[in-house]
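Down below is the structure, laid out as structure tokens.
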Amino acid sequence: MVCLLKRYAEFFPLTPNTPLLSIGEGNTPLVELCNLGAKLEIELFAKFEGLNPTGSFKDRGMVLAVSKAVEEGSSGIICASTGNTSASAAAYAAKAGIKCHVILPSGKVAKGKLAQALIYDANVLALRGNFDVALEMVRKIADNLGLKIVNSVNPYRLWGQRSGAWEVCDEIGAPDWCVLPVGNAGNITAYWTGFFQYMKKGLIGSIPKMVGIQAQGAAPLVKGFPVPEPETIATAIRIGNPVNAKKALAAARNSNGMFLSVSDEEILNAQKELARKEGIFAEPASCATLAGLYKLKKEGKLPKNIRVVMVLTGNGLKDPQIVDRVTSSPREIEAKYDVLKEAILSC
Ligand SMILES: *Cc1c(COP(=O)(O)O)cnc(C)c1O
């Protein structure tokens, strides 16, 4: 498969000096979820972004942000992260041979994501403060130290992430609805912009209704004001003051869309449901999308027979500890034929 930057070269701000980095990002599967779709009485698809090289959609934006950083002569990049941005930044910095500094909220990053940043050999710093504080500090220090910031305030991040919307359209055209989990509100903005660009080019007829789902304890876009102490088990969207709030609100407004919030319990139930009915293991933040659809269905706000794409932003393997909360440990048995037989027959 030709790499993402080359495949969509006409839509990206590339120059002859842009290195076309790639570790195999994009081209993720659009999976039809027949079982859950039937239950919700809609035509439901999942864009499974957890199958990107570092396990989240962040790779789509990071590949362009790091390529441009190298083109501009940066010797290093820096980011604040709830986990996935750091994993992706560290991987692309490794590929490009530049230094990567990541600032994480101490104790609030899923195990798998931390492991990624460490194995890619980023300079990993655990800050005593939440993500919003970490990002504020990174924004202050980046320029002074000549480091390129690769959070979603970097315009190339969102530009690269538009490719998710393009891939959906290239495969099935524009869906009626596009549902995304919302943290810093960059991805929903990127998808809307991607759809808008395709519409202007005449490649699709209309823009899907953009539906953003937040966690109840971290729902500034639902409430209409920042949340000083955001809290949710879905650590990827544990953000109280989204930097792309204005753009995301405009995306929802311009597409006749909406924001809503779901509880941690609803998120965990949706995660189980997705795994058990469709065979897809996505991280909690991603499953907020399905939880949101269930909620809308219950409230009678989900039209029948519409075509819906939900963006499953990250891989479930990144956060194995969360599984302990929704499942029980395997039953240990003696290595005896009769014991095994009984255990199988009694299940
Ligand atoms: C980053 C991330 C989000 C939130 O995306 P924003 O662009 O910050 O709104 C959601 N889910 C996962 C898995 C993420 O890594």
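Residue numbering: from 1, along the chain as shown.
Heads up, the Cβ atoms here are built off N, Cα and C, so glycines get one too.
Some features that TrEMBL has for this protein:
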BINDING   N84, G183, N184, A185, G186, N187, T313  pyridoxal 5'-phosphate binding site
DOMAIN    22-314  domain 'Tryptophan synthase beta chain-like PALP'
MOD_RES   K58  N6-(pyridoxal phosphate)lysine
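Burial estimate for the binding-site residues (N84, T313): highest at N84, by number of other CB atoms within 10 Å. Taking the mean position of the Cβ atoms of N84, G183, N184, A185, G186, N187, T313 as the pyridoxal 5'-phosphate site, the remaining same-chain residues with a Cβ inside 8 Å of that point are S152, P181, V182, I188, A236, I237, I239.
Spanning the residues N84, G183, N184, A185, G186, N187, T313 that the record associates with binding pyridoxal 5'-phosphate, the maximal Cα-Cα distance equals 15 Å.
Cα-Cα distances to K58 (N6-(pyridoxal phosphate)lysine) place T313 within 10 Å, out of the binding-site residues G183, A185, T313. Looking only at the domain 'Tryptophan synthase beta chain-like PALP' (22-314), the predicted model's pLDDT averages out at 96. Within 10 Å of the C-beta atom of A185 (pyridoxal 5'-phosphate binding site) sit 27 other C-beta atoms, taking all shown protein chains into account.
The Cβ of N187 (pyridoxal 5'-phosphate binding site) has F57, S152, L158, Q161, G164, L180, V311, T313 as same-chain neighbours under 8 Å, each 6 or more residues away in sequence. Sequence-distant neighbours of G183 (pyridoxal 5'-phosphate binding site) (same chain, 6+ apart, CB under 8 A from its CB) are T82, Q214, A218, A236, I237, R238, I239, P242, A285.
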